[in-house]
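See structure below.
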Amino acid sequence: MQSDRNLSHLNSKGDVHMVDVGDRPSTFREAHAQGSIQMDRETFDLILRGETPKGDVLAVARIAAIQAAKRTWELIPLCHPISLSGMDVDIQPAEHLPGLRLNCRCRTTGPTGVEMEAMVAVSVGLLTLYDMLKAVDPAMTIGSIQLIHKSGGRNGVWNR
């Protein structure tokens, strides 16, 4: 997708700066991001049976994703601290990989979008799964982290 718009994080001199969103109206905004982790069949089966050595890896990954979304502004240098009004994290088996697919939906009402919070949540949730399972499967692969949907603000709705 190409755009004629300028990069908003560069000022007129080409220097990096944090965008001033102070005069933008507060609107409802939503973003959905997704990613996956591929693993050995044996590791996948351990998760499905609830027999992983470190306990409930799915619950820990959900909490990690939520924490990460709330701290996005501390991790991504030019992101604004925003107030999340809601968030859903869903982790589903993906038999064909074999592996897991992690989806995150974030919501806010404010002057800036919530895409980065959803993307960071997916990334950290998947990294947490890797961390908790690496002892049994160090060859796992994280991939396909992508924005699926965003809405709100001046650019309206975008879908992959």
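The first residue you see is number 1, and the count goes up from there.
The backbone N, Cα and C atoms fix where each Cβ goes, and this holds for glycine too.
The active site annotation in Swiss-Prot covers Asp131. In the shown protein chains, 14 other C-beta atoms lie within 10 A of the C-beta of Asp131 (active site).
There are 28 other CB atoms within 10 A of the CB of Glu117 (substrate binding site), with all protein chains counted. In the three-state DSSP classification, Glu117 (substrate binding site) falls within a helix. Per Swiss-Prot, the feature substrate binding site maps to Leu78, Cys79, His80, Met116, Glu117; the stated evidence is sequence analysis.
The feature compositional bias 'Polar residues' is assigned by Swiss-Prot to 1-11.
The feature region 'Disordered' is assigned by Swiss-Prot to 1-20.
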Substrate site span - longest C-alpha distance across Leu78, Cys79, His80, Met116, Glu117, in Å:
12
Out of Leu78, Cys79, Met116, which has the highest number of nearby Cβ atoms, where nearby means within 10 Å of its Cβ, if these are the binding-site residues?
Met116
Asp131 (active site) versus His80 (substrate binding site) - Cα distance in angstrom:
28
Enter the number of other CB atoms within 10 angstroms of the CB of His80 (substrate binding site).
16
From the Cα of Asp131 (active site) across to the Cα of Leu78 (substrate binding site), what is the distance in angstrom?
27
